[in-house]
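Annotated features in Swiss-Prot:
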- GLY103, ARG104, GLY105, GLY106, ALA107, GLY108, PHE109, PRO110, SER111, GLY112: NADH binding site (BINDING)
- 216-264: FMN binding site (BINDING)
- CYS396, CYS399, CYS402, CYS442: [4Fe-4S] cluster binding site (BINDING)
Amino acid sequence: MMNLGNRVKSVIKLTSTTGLTGKDFQATKVATFSTAQVQQAQENVRSYGGLKDKDRIFTNLYGEHDVYLKGAIARGDWYKTKNIIDKGKDWILKEMMASGLRGRGGAGFPSGLKWSFMPKTTSKDRPQYLVINADEGEPGTCKDREIMRHDPHKLIEGCLLAGFAMRACAAYIYIRGEFHYEAKVLEQAIDEAYKAGLIGENACGTGYKFDVYVHRGAGAYICGEETALIESIEGKQGKPRLKPPFPAMAGLYGCPTTVTNVETVAVAPTILRRGGAWFASFGRPKNAGTKLFCISGHVNNPCTVEEEMSIPLRELIDKHCGGVIGGWDNLKGVIPGGSSVPVLPKNICDNVLMDFDDLRQHRSGLGTAAVIVMNKETDMIAAIARLSKFYKHESCGQCTPCREGVGWLYDITDRLVTGNAKPDEIDSLEEISRQIEGHTICALGDAAAWPVQGLIRHFRPEIEDRIKQFQLNKKQSPF
(Lines of atoms letter the chains of each structure in order from A and count residues from 1; the text may use other names and numbers.)
(Lines give C-alpha, C1' and ligand atoms only; values in the text may rest on other atoms or scores of the structure.)
Protein backbone atom coordinates (compact mmCIF):
# COMPACT_ATOMS: atom_id res chain seq x y z
CA MET A 1 0.00 0.00 0.00
CA MET A 2 1.28 3.50 -0.87
CA ASN A 3 2.40 5.42 2.25
CA LEU A 4 1.26 8.96 3.04
CA GLY A 5 4.48 10.60 1.78
CA ASN A 6 4.25 8.92 -1.61
CA ARG A 7 0.55 9.80 -1.87
CA VAL A 8 1.35 13.51 -1.27
CA LYS A 9 4.16 13.39 -3.86
CA SER A 10 1.79 11.82 -6.39
CA VAL A 11 -0.78 14.54 -5.83
CA ILE A 12 1.83 17.30 -6.17
CA LYS A 13 3.18 15.74 -9.37
CA LEU A 14 -0.30 15.39 -10.87
CA THR A 15 -1.32 18.97 -10.05
CA SER A 16 1.90 20.41 -11.40
CA THR A 17 1.56 18.63 -14.73
CA THR A 18 -2.16 19.27 -15.19
CA GLY A 19 -2.35 22.79 -13.84
CA LEU A 20 -5.09 21.86 -11.37
CA THR A 21 -5.20 23.38 -7.92
CA GLY A 22 -5.53 21.06 -4.94
CA LYS A 23 -9.24 21.94 -4.66
CA ASP A 24 -9.84 21.30 -8.37
CA PHE A 25 -8.01 18.00 -8.17
CA GLN A 26 -10.08 16.79 -5.23
CA ALA A 27 -13.29 17.72 -7.05
CA THR A 28 -12.13 15.84 -10.16
CA LYS A 29 -11.15 12.83 -8.07
CA VAL A 30 -14.53 12.73 -6.32
CA ALA A 31 -16.43 13.16 -9.58
CA THR A 32 -14.44 10.34 -11.22
CA PHE A 33 -15.03 8.04 -8.25
CA SER A 34 -18.75 8.83 -8.23
CA THR A 35 -19.07 8.05 -11.94
CA ALA A 36 -17.33 4.72 -11.42
CA GLN A 37 -19.67 3.92 -8.57
CA VAL A 38 -22.70 4.69 -10.71
CA GLN A 39 -21.39 2.54 -13.57
CA GLN A 40 -20.75 -0.35 -11.18
CA ALA A 41 -24.19 0.03 -9.66
CA GLN A 42 -25.78 0.02 -13.11
CA GLU A 43 -23.96 -3.21 -13.95
CA ASN A 44 -25.28 -4.80 -10.75
CA VAL A 45 -28.89 -3.72 -11.28
CA ARG A 46 -31.14 -6.75 -11.73
CA SER A 47 -33.66 -6.42 -14.53
CA TYR A 48 -36.94 -8.30 -14.30
CA GLY A 49 -39.10 -9.87 -16.96
CA GLY A 50 -38.40 -12.05 -19.96
CA LEU A 51 -39.47 -15.29 -18.27
CA LYS A 52 -38.08 -18.31 -20.12
CA ASP A 53 -40.30 -21.16 -21.25
CA LYS A 54 -38.43 -23.64 -19.03
CA ASP A 55 -39.48 -21.61 -15.99
CA ARG A 56 -43.16 -21.36 -16.81
CA ILE A 57 -45.47 -23.12 -14.37
CA PHE A 58 -48.63 -22.97 -16.49
CA THR A 59 -47.57 -24.80 -19.63
CA ASN A 60 -51.06 -25.15 -21.09
CA LEU A 61 -52.36 -21.67 -20.38
CA TYR A 62 -53.78 -21.29 -23.89
CA GLY A 63 -55.33 -24.75 -24.15
CA GLU A 64 -53.05 -25.94 -26.94
CA HIS A 65 -52.70 -29.41 -25.40
CA ASP A 66 -54.88 -32.02 -23.72
CA VAL A 67 -56.35 -30.54 -20.53
CA TYR A 68 -57.16 -33.86 -18.87
CA LEU A 69 -55.10 -36.40 -16.95
CA LYS A 70 -53.07 -37.97 -19.76
CA GLY A 71 -51.94 -34.59 -21.05
CA ALA A 72 -51.35 -33.26 -17.54
CA ILE A 73 -49.07 -36.18 -16.66
CA ALA A 74 -47.16 -35.66 -19.93
CA ARG A 75 -46.55 -32.05 -18.87
CA GLY A 76 -45.20 -33.10 -15.45
CA ASP A 77 -48.24 -32.89 -13.21
CA TRP A 78 -48.63 -35.60 -10.54
CA TYR A 79 -44.91 -36.45 -10.89
CA LYS A 80 -43.71 -38.12 -7.67
CA THR A 81 -46.49 -36.48 -5.68
CA LYS A 82 -46.26 -39.36 -3.20
CA ASN A 83 -42.60 -38.54 -2.56
CA ILE A 84 -43.52 -34.94 -1.75
CA ILE A 85 -46.17 -36.08 0.73
CA ASP A 86 -43.73 -38.57 2.28
CA LYS A 87 -41.39 -35.69 3.13
CA GLY A 88 -43.96 -34.51 5.63
CA LYS A 89 -46.14 -31.54 6.48
CA ASP A 90 -43.37 -29.50 8.08
CA TRP A 91 -41.15 -29.86 4.99
CA ILE A 92 -43.95 -28.64 2.72
CA LEU A 93 -44.61 -25.61 4.93
CA LYS A 94 -40.88 -24.85 5.13
CA GLU A 95 -40.49 -24.91 1.34
CA MET A 96 -43.57 -22.75 0.83
CA MET A 97 -42.23 -20.18 3.28
CA ALA A 98 -38.81 -20.28 1.61
CA SER A 99 -40.43 -19.66 -1.78
CA GLY A 100 -41.68 -16.24 -0.70
CA LEU A 101 -45.03 -16.94 -2.38
CA ARG A 102 -47.62 -14.32 -1.50
CA GLY A 103 -51.34 -14.82 -2.05
CA ARG A 104 -52.36 -14.32 -5.68
CA GLY A 105 -55.94 -13.33 -4.89
CA GLY A 106 -55.19 -9.69 -4.13
CA ALA A 107 -54.14 -9.30 -0.50
CA GLY A 108 -50.62 -10.66 -0.99
CA PHE A 109 -50.32 -12.35 2.41
CA PRO A 110 -47.38 -14.82 2.70
CA SER A 111 -48.89 -18.17 1.74
CA GLY A 112 -46.65 -20.50 3.73
CA LEU A 113 -47.31 -18.49 6.86
CA LYS A 114 -51.06 -18.55 6.24
CA TRP A 115 -51.05 -22.31 5.80
CA SER A 116 -49.17 -22.71 9.09
CA PHE A 117 -51.96 -21.01 11.07
CA MET A 118 -54.09 -24.16 10.96
CA PRO A 119 -54.19 -26.18 14.21
CA LYS A 120 -51.52 -28.88 14.45
CA THR A 121 -53.91 -31.39 16.01
CA THR A 122 -57.20 -32.64 14.58
CA SER A 123 -60.22 -34.54 15.87
CA LYS A 124 -63.18 -36.32 14.30
CA ASP A 125 -65.51 -33.80 15.87
CA ARG A 126 -63.70 -30.83 14.26
CA PRO A 127 -62.28 -31.75 10.86
CA GLN A 128 -60.20 -29.19 8.99
CA TYR A 129 -60.99 -27.87 5.53
CA LEU A 130 -59.30 -26.22 2.58
CA VAL A 131 -61.51 -23.86 0.58
CA ILE A 132 -60.43 -22.64 -2.86
CA ASN A 133 -61.75 -19.24 -3.87
CA ALA A 134 -62.56 -19.65 -7.56
CA ASP A 135 -65.29 -17.00 -7.44
CA GLU A 136 -63.42 -14.78 -9.88
CA GLY A 137 -65.72 -11.79 -10.27
CA GLU A 138 -63.35 -8.81 -10.22
CA PRO A 139 -63.84 -6.78 -13.42
CA GLY A 140 -60.84 -7.26 -15.70
CA THR A 141 -59.69 -10.47 -13.98
CA CYS A 142 -59.62 -13.75 -15.89
CA LYS A 143 -56.51 -15.65 -14.73
CA ASP A 144 -58.12 -18.31 -12.52
CA ARG A 145 -60.60 -19.07 -15.26
CA GLU A 146 -57.76 -20.01 -17.60
CA ILE A 147 -56.24 -22.32 -14.97
CA MET A 148 -59.51 -24.18 -14.40
CA ARG A 149 -60.24 -24.34 -18.12
CA HIS A 150 -56.83 -25.48 -19.36
CA ASP A 151 -54.77 -26.73 -16.39
CA PRO A 152 -57.28 -28.20 -13.91
CA HIS A 153 -54.96 -30.93 -12.64
CA LYS A 154 -52.48 -28.35 -11.38
CA LEU A 155 -55.24 -27.03 -9.15
CA ILE A 156 -56.35 -30.49 -7.98
CA GLU A 157 -52.79 -31.60 -7.18
CA GLY A 158 -52.21 -28.30 -5.41
CA CYS A 159 -55.33 -28.92 -3.32
CA LEU A 160 -53.97 -32.31 -2.27
CA LEU A 161 -50.56 -30.98 -1.23
CA ALA A 162 -51.89 -27.87 0.48
CA GLY A 163 -54.60 -29.89 2.20
CA PHE A 164 -52.06 -32.42 3.46
CA ALA A 165 -49.79 -29.67 4.83
CA MET A 166 -52.65 -28.14 6.82
CA ARG A 167 -54.19 -31.46 7.88
CA ALA A 168 -57.41 -30.90 5.91
CA CYS A 169 -59.73 -33.79 5.14
CA ALA A 170 -61.31 -32.16 2.08
CA ALA A 171 -61.14 -29.23 -0.32
CA TYR A 172 -64.15 -27.25 -1.49
CA ILE A 173 -63.60 -25.41 -4.77
CA TYR A 174 -66.11 -22.55 -4.78
CA ILE A 175 -66.46 -21.63 -8.45
CA ARG A 176 -68.24 -18.61 -9.87
CA GLY A 177 -71.75 -19.51 -11.00
CA GLU A 178 -71.25 -18.07 -14.49
CA PHE A 179 -68.30 -20.40 -15.18
CA HIS A 180 -70.37 -23.26 -16.61
CA TYR A 181 -67.70 -24.68 -18.92
CA GLU A 182 -64.91 -24.35 -16.37
CA ALA A 183 -66.97 -26.18 -13.74
CA LYS A 184 -67.62 -29.00 -16.20
CA VAL A 185 -63.91 -29.35 -17.03
CA LEU A 186 -62.97 -29.25 -13.36
CA GLU A 187 -65.51 -31.88 -12.36
CA GLN A 188 -64.32 -34.21 -15.13
CA ALA A 189 -60.70 -33.74 -14.05
CA ILE A 190 -61.65 -34.51 -10.43
CA ASP A 191 -63.41 -37.71 -11.55
CA GLU A 192 -60.23 -38.74 -13.40
CA ALA A 193 -58.13 -38.11 -10.30
CA TYR A 194 -60.45 -40.25 -8.17
CA LYS A 195 -60.39 -43.13 -10.67
CA ALA A 196 -56.59 -42.97 -10.87
CA GLY A 197 -56.28 -43.09 -7.07
CA LEU A 198 -54.66 -39.66 -6.94
CA ILE A 199 -57.27 -38.39 -4.48
CA GLY A 200 -59.83 -40.18 -2.35
CA GLU A 201 -59.46 -42.90 0.29
CA ASN A 202 -55.75 -43.52 -0.36
CA ALA A 203 -54.49 -40.44 -2.19
CA CYS A 204 -51.45 -41.30 -4.31
CA GLY A 205 -50.95 -44.46 -2.23
CA THR A 206 -49.97 -42.52 0.87
CA GLY A 207 -52.78 -43.66 3.16
CA TYR A 208 -54.02 -40.07 3.34
CA LYS A 209 -57.75 -39.65 2.73
CA PHE A 210 -58.59 -36.47 0.85
CA ASP A 211 -61.73 -35.47 -1.03
CA VAL A 212 -62.32 -32.62 -3.48
CA TYR A 213 -65.73 -31.05 -4.07
CA VAL A 214 -66.93 -28.38 -6.50
CA HIS A 215 -69.48 -25.89 -5.18
CA ARG A 216 -71.18 -23.59 -7.68
CA GLY A 217 -71.78 -19.98 -6.69
CA ALA A 218 -74.83 -17.94 -7.64
CA GLY A 219 -73.26 -14.85 -9.18
CA ALA A 220 -72.71 -12.57 -6.17
CA TYR A 221 -69.41 -10.66 -6.27
CA ILE A 222 -69.43 -10.33 -2.47
CA CYS A 223 -68.93 -14.10 -2.18
CA GLY A 224 -65.34 -13.55 -3.26
CA GLU A 225 -64.77 -12.39 0.34
CA GLU A 226 -63.59 -15.45 2.26
CA THR A 227 -66.16 -15.48 5.06
CA ALA A 228 -69.05 -14.63 2.72
CA LEU A 229 -67.88 -17.53 0.57
CA ILE A 230 -68.00 -19.83 3.61
CA GLU A 231 -71.50 -18.61 4.43
CA SER A 232 -72.57 -19.39 0.86
CA ILE A 233 -71.20 -22.94 1.00
CA GLU A 234 -73.16 -23.44 4.21
CA GLY A 235 -76.34 -22.45 2.37
CA LYS A 236 -76.72 -19.02 3.93
CA GLN A 237 -76.78 -15.53 2.43
CA GLY A 238 -73.34 -14.56 1.17
CA LYS A 239 -72.56 -11.86 3.72
CA PRO A 240 -69.14 -11.39 5.36
CA ARG A 241 -68.68 -12.41 8.97
CA LEU A 242 -67.21 -10.29 11.72
CA LYS A 243 -63.63 -11.28 12.56
CA PRO A 244 -62.37 -12.63 14.92
CA PRO A 245 -62.81 -15.52 14.99
CA PHE A 246 -60.80 -16.02 11.82
CA PRO A 247 -61.48 -18.97 9.50
CA ALA A 248 -58.33 -20.78 10.68
CA MET A 249 -60.04 -21.16 14.04
CA ALA A 250 -63.74 -21.23 13.10
CA GLY A 251 -64.46 -21.39 9.39
CA LEU A 252 -66.55 -23.79 7.33
CA TYR A 253 -69.16 -25.48 9.56
CA GLY A 254 -67.40 -23.93 12.55
CA CYS A 255 -64.22 -25.91 11.85
CA PRO A 256 -60.65 -24.71 11.13
CA THR A 257 -60.49 -23.59 7.50
CA THR A 258 -58.02 -21.96 5.16
CA VAL A 259 -59.41 -20.04 2.20
CA THR A 260 -56.95 -19.45 -0.61
CA ASN A 261 -56.86 -18.45 -4.27
CA VAL A 262 -56.79 -20.77 -7.30
CA GLU A 263 -53.45 -19.52 -8.62
CA THR A 264 -51.84 -19.65 -5.17
CA VAL A 265 -52.64 -23.35 -4.78
CA ALA A 266 -51.98 -24.25 -8.43
CA VAL A 267 -48.33 -23.12 -8.29
CA ALA A 268 -47.59 -25.12 -5.12
CA PRO A 269 -46.77 -28.50 -6.76
CA THR A 270 -44.16 -26.95 -9.07
CA ILE A 271 -42.63 -25.01 -6.17
CA LEU A 272 -42.35 -28.19 -4.11
CA ARG A 273 -40.77 -30.11 -7.01
CA ARG A 274 -38.27 -27.45 -8.02
CA GLY A 275 -37.69 -25.99 -4.58
CA GLY A 276 -38.64 -22.82 -2.76
CA ALA A 277 -35.29 -21.23 -3.62
CA TRP A 278 -36.00 -21.64 -7.34
CA PHE A 279 -39.30 -19.78 -7.06
CA ALA A 280 -37.74 -17.11 -4.83
CA SER A 281 -35.10 -16.40 -7.49
CA PHE A 282 -37.71 -14.55 -9.57
CA GLY A 283 -38.83 -11.02 -8.79
CA ARG A 284 -37.60 -8.52 -6.22
CA PRO A 285 -37.17 -9.43 -2.54
CA LYS A 286 -40.56 -9.89 -0.85
CA ASN A 287 -42.16 -10.00 -4.31
CA ALA A 288 -41.02 -13.42 -5.40
CA GLY A 289 -42.03 -15.77 -8.14
CA THR A 290 -43.87 -15.81 -11.42
CA LYS A 291 -47.34 -14.36 -11.85
CA LEU A 292 -50.28 -14.55 -14.22
CA PHE A 293 -51.13 -11.13 -15.65
CA CYS A 294 -54.37 -10.58 -17.56
CA ILE A 295 -54.11 -7.50 -19.77
CA SER A 296 -57.17 -5.96 -21.41
CA GLY A 297 -58.40 -2.63 -22.71
CA HIS A 298 -56.67 -0.47 -25.30
CA VAL A 299 -53.88 -2.88 -26.27
CA ASN A 300 -53.33 -4.48 -29.65
CA ASN A 301 -53.42 -8.05 -28.34
CA PRO A 302 -55.25 -8.55 -25.03
CA CYS A 303 -53.99 -11.68 -23.27
CA THR A 304 -53.30 -13.59 -20.09
CA VAL A 305 -49.60 -14.31 -19.69
CA GLU A 306 -47.25 -15.75 -17.10
CA GLU A 307 -44.32 -13.47 -16.38
CA GLU A 308 -41.75 -12.76 -13.70
CA MET A 309 -42.86 -10.62 -10.79
CA SER A 310 -41.47 -7.06 -10.84
CA ILE A 311 -41.51 -6.82 -14.64
CA PRO A 312 -41.88 -3.17 -15.71
CA LEU A 313 -45.46 -2.39 -16.69
CA ARG A 314 -44.39 -0.89 -20.00
CA GLU A 315 -42.38 -3.99 -20.93
CA LEU A 316 -45.31 -6.23 -20.00
CA ILE A 317 -47.65 -4.34 -22.32
CA ASP A 318 -45.21 -3.84 -25.20
CA LYS A 319 -43.79 -7.37 -25.18
CA HIS A 320 -46.92 -9.45 -24.71
CA CYS A 321 -49.74 -7.23 -25.99
CA GLY A 322 -48.13 -5.51 -28.95
CA GLY A 323 -48.24 -2.17 -27.16
CA VAL A 324 -50.94 0.39 -26.51
CA ILE A 325 -53.33 1.17 -29.36
CA GLY A 326 -51.95 4.37 -30.87
CA GLY A 327 -48.54 3.90 -29.25
CA TRP A 328 -47.21 4.38 -25.73
CA ASP A 329 -47.51 8.16 -25.97
CA ASN A 330 -51.25 7.65 -26.51
CA LEU A 331 -51.56 6.06 -23.06
CA LYS A 332 -53.76 7.88 -20.56
CA GLY A 333 -53.83 5.58 -17.56
CA VAL A 334 -53.71 2.00 -16.32
CA ILE A 335 -55.56 0.18 -13.58
CA PRO A 336 -52.80 -2.30 -12.64
CA GLY A 337 -54.57 -4.83 -10.43
CA GLY A 338 -58.24 -5.19 -11.20
CA SER A 339 -61.05 -2.71 -10.73
CA SER A 340 -60.53 -2.32 -6.98
CA VAL A 341 -57.14 -0.55 -7.12
CA PRO A 342 -56.49 3.12 -7.97
CA VAL A 343 -55.74 4.09 -11.55
CA LEU A 344 -52.23 5.31 -12.42
CA PRO A 345 -51.49 8.05 -15.01
CA LYS A 346 -48.98 7.64 -17.83
CA ASN A 347 -46.09 9.41 -16.09
CA ILE A 348 -46.12 6.76 -13.35
CA CYS A 349 -46.76 3.90 -15.78
CA ASP A 350 -43.55 4.79 -17.63
CA ASN A 351 -41.35 3.23 -14.94
CA VAL A 352 -43.52 1.38 -12.40
CA LEU A 353 -42.78 -2.28 -11.64
CA MET A 354 -45.54 -4.86 -11.47
CA ASP A 355 -45.22 -6.10 -7.91
CA PHE A 356 -46.84 -5.55 -4.54
CA ASP A 357 -44.35 -3.10 -3.06
CA ASP A 358 -43.60 -0.81 -6.00
CA LEU A 359 -47.27 -0.34 -6.83
CA ARG A 360 -48.00 0.35 -3.17
CA GLN A 361 -45.32 3.04 -3.18
CA HIS A 362 -47.21 4.67 -6.03
CA ARG A 363 -50.47 4.48 -4.04
CA SER A 364 -52.02 1.68 -6.04
CA GLY A 365 -51.75 -2.11 -5.79
CA LEU A 366 -51.05 -5.35 -7.63
CA GLY A 367 -54.40 -6.83 -6.59
CA THR A 368 -55.26 -9.67 -8.96
CA ALA A 369 -52.78 -8.38 -11.59
CA ALA A 370 -55.62 -7.60 -13.98
CA VAL A 371 -54.13 -4.80 -16.06
CA ILE A 372 -56.76 -2.52 -17.61
CA VAL A 373 -55.16 -0.21 -20.18
CA MET A 374 -56.84 3.04 -21.22
CA ASN A 375 -55.59 5.32 -23.99
CA LYS A 376 -56.38 8.98 -24.54
CA GLU A 377 -59.73 8.18 -26.13
CA THR A 378 -60.97 7.05 -22.71
CA ASP A 379 -63.33 9.20 -20.70
CA MET A 380 -61.65 8.49 -17.36
CA ILE A 381 -64.52 9.96 -15.35
CA ALA A 382 -67.04 7.73 -17.11
CA ALA A 383 -64.79 4.69 -16.63
CA ILE A 384 -64.56 5.18 -12.87
CA ALA A 385 -68.27 6.00 -12.65
CA ARG A 386 -68.99 2.64 -14.27
CA LEU A 387 -66.90 0.91 -11.62
CA SER A 388 -68.78 2.79 -8.90
CA LYS A 389 -72.03 1.51 -10.39
CA PHE A 390 -70.68 -2.03 -10.21
CA TYR A 391 -69.76 -1.75 -6.54
CA LYS A 392 -73.08 -0.13 -5.71
CA HIS A 393 -74.85 -3.09 -7.28
CA GLU A 394 -72.65 -5.70 -5.58
CA SER A 395 -72.69 -4.31 -2.04
CA CYS A 396 -74.44 -6.77 0.29
CA GLY A 397 -75.84 -3.85 2.30
CA GLN A 398 -74.73 -5.18 5.67
CA CYS A 399 -72.54 -2.18 6.59
CA THR A 400 -74.03 1.32 6.56
CA PRO A 401 -70.90 3.10 5.22
CA CYS A 402 -70.84 0.74 2.23
CA ARG A 403 -74.60 0.47 1.69
CA GLU A 404 -75.14 4.25 1.74
CA GLY A 405 -71.71 5.59 0.85
CA VAL A 406 -71.07 3.58 -2.31
CA GLY A 407 -74.43 4.73 -3.64
CA TRP A 408 -73.40 8.32 -3.00
CA LEU A 409 -70.10 7.72 -4.80
CA TYR A 410 -71.95 6.53 -7.87
CA ASP A 411 -74.53 9.32 -7.77
CA ILE A 412 -71.81 12.00 -7.75
CA THR A 413 -69.44 10.35 -10.26
CA ASP A 414 -72.37 9.74 -12.60
CA ARG A 415 -73.17 13.46 -12.58
CA LEU A 416 -69.49 14.32 -13.01
CA VAL A 417 -69.51 12.46 -16.33
CA THR A 418 -71.54 15.33 -17.79
CA GLY A 419 -70.12 17.93 -15.39
CA ASN A 420 -73.46 18.49 -13.70
CA ALA A 421 -71.97 19.14 -10.27
CA LYS A 422 -70.52 21.90 -8.13
CA PRO A 423 -66.73 22.27 -7.78
CA ASP A 424 -66.84 21.58 -4.04
CA GLU A 425 -68.49 18.22 -4.71
CA ILE A 426 -65.09 16.90 -5.75
CA ASP A 427 -63.89 17.35 -2.17
CA SER A 428 -67.17 15.90 -0.89
CA LEU A 429 -66.63 12.86 -3.11
CA GLU A 430 -63.18 12.29 -1.67
CA GLU A 431 -64.44 12.76 1.89
CA ILE A 432 -67.18 10.18 1.35
CA SER A 433 -64.60 7.70 0.03
CA ARG A 434 -62.47 8.26 3.14
CA GLN A 435 -65.46 7.64 5.39
CA ILE A 436 -66.14 4.33 3.62
CA GLU A 437 -62.52 3.15 3.56
CA GLY A 438 -61.62 1.08 6.60
CA HIS A 439 -65.09 1.32 8.15
CA THR A 440 -66.69 -1.87 6.83
CA ILE A 441 -66.62 -5.54 7.79
CA CYS A 442 -65.01 -6.59 4.51
CA ALA A 443 -62.84 -4.93 1.88
CA LEU A 444 -65.62 -4.18 -0.62
CA GLY A 445 -65.90 -0.69 0.85
CA ASP A 446 -62.19 -0.11 0.23
CA ALA A 447 -62.53 -1.56 -3.27
CA ALA A 448 -65.27 0.96 -4.06
CA ALA A 449 -63.40 3.90 -2.53
CA TRP A 450 -59.95 3.45 -4.06
CA PRO A 451 -60.85 3.90 -7.77
CA VAL A 452 -62.58 7.19 -6.90
CA GLN A 453 -59.58 8.34 -4.87
CA GLY A 454 -57.26 7.51 -7.77
CA LEU A 455 -59.45 9.49 -10.16
CA ILE A 456 -59.37 12.59 -7.96
CA ARG A 457 -55.65 12.25 -7.19
CA HIS A 458 -54.49 12.05 -10.79
CA PHE A 459 -57.29 13.47 -12.95
CA ARG A 460 -58.75 16.28 -10.88
CA PRO A 461 -58.07 18.94 -13.56
CA GLU A 462 -60.12 16.87 -16.02
CA ILE A 463 -63.02 16.78 -13.56
CA GLU A 464 -62.80 20.53 -12.95
CA ASP A 465 -62.73 21.24 -16.69
CA ARG A 466 -65.81 19.05 -17.17
CA ILE A 467 -67.71 21.05 -14.54
CA LYS A 468 -66.61 24.37 -16.05
CA GLN A 469 -67.64 23.27 -19.53
CA PHE A 470 -71.06 22.20 -18.26
CA GLN A 471 -71.59 25.56 -16.55
CA LEU A 472 -70.45 27.40 -19.70
CA ASN A 473 -72.82 25.40 -21.90
CA LYS A 474 -75.62 26.04 -19.45
CA LYS A 475 -75.08 29.81 -19.63
CA GLN A 476 -75.00 29.75 -23.43
CA SER A 477 -78.14 27.63 -23.70
CA PRO A 478 -81.31 29.61 -24.53
CA PHE A 479 -83.36 27.21 -22.38
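For all residues, glycine too, the Cβ spot is worked out from N, Cα and C.
Projection of Swiss-Prot feature records onto the structure.
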| residue | record | Cβ within 10 Å |
| --- | --- | --- |
| GLY103 | NADH binding site | 18 |
| ALA107 | NADH binding site | 14 |
| PHE109 | NADH binding site | 12 |
| SER111 | NADH binding site | 27 |
| ARG216 | FMN binding site | 17 |
| GLN237 | FMN binding site | 12 |
| GLY251 | FMN binding site | 25 |
| CYS396 | [4Fe-4S] cluster binding site | 21 |
| CYS402 | [4Fe-4S] cluster binding site | 26 |
| CYS442 | [4Fe-4S] cluster binding site | 23 |
Measure from the Cα of CYS223 (FMN binding site) to the Cα of every one of the binding-site residues GLY105, ALA107, SER111, CYS396, CYS399, then give the nearest.
CYS396
CA pair GLY103 (NADH binding site) / THR258 (FMN binding site), Å rounded to integer, equals 12
Within 8 Å of the Cβ centroid of CYS396, CYS399, CYS402, CYS442, the other same-chain residues by Cβ around the recorded [4Fe-4S] cluster site are ILE222, LYS239, PRO240, SER395, GLY397, GLN398, ARG403, THR440, ILE441, LEU444, GLY445
Have a look at the binding-site residues (GLY105, PRO244) and report the one with the fewest Cβ neighbours inside 10 Å.
PRO244
Whole-number Å value for how far GLY251 (FMN binding site) lies from CYS399 ([4Fe-4S] cluster binding site) (Cα to Cα):
21
Fewest other CB within 10 angstroms, which one of the binding-site residues CYS223, CYS399?
CYS399
Based on DSSP, name the secondary structure state of SER111 (NADH binding site): helix, strand or coil.
helix
Please identify, among the binding-site residues ALA107, SER111, CYS442, the one with the smallest Cα-Cα distance to GLY251 (FMN binding site).
CYS442
Taking the Cβ of THR258 (FMN binding site) as the centre, how many other Cβ atoms fall within a 10 Å radius?
28
Closest of PHE109, SER111, CYS396 to ILE230 (FMN binding site), Cα positions, binding-site residues only:
CYS396
Expressed to the nearest Å, what is the distance separating ARG216 (FMN binding site) and SER111 (NADH binding site) at their Cα atoms?
25
Which three-state DSSP class does ARG216 (FMN binding site) fall into?
strand
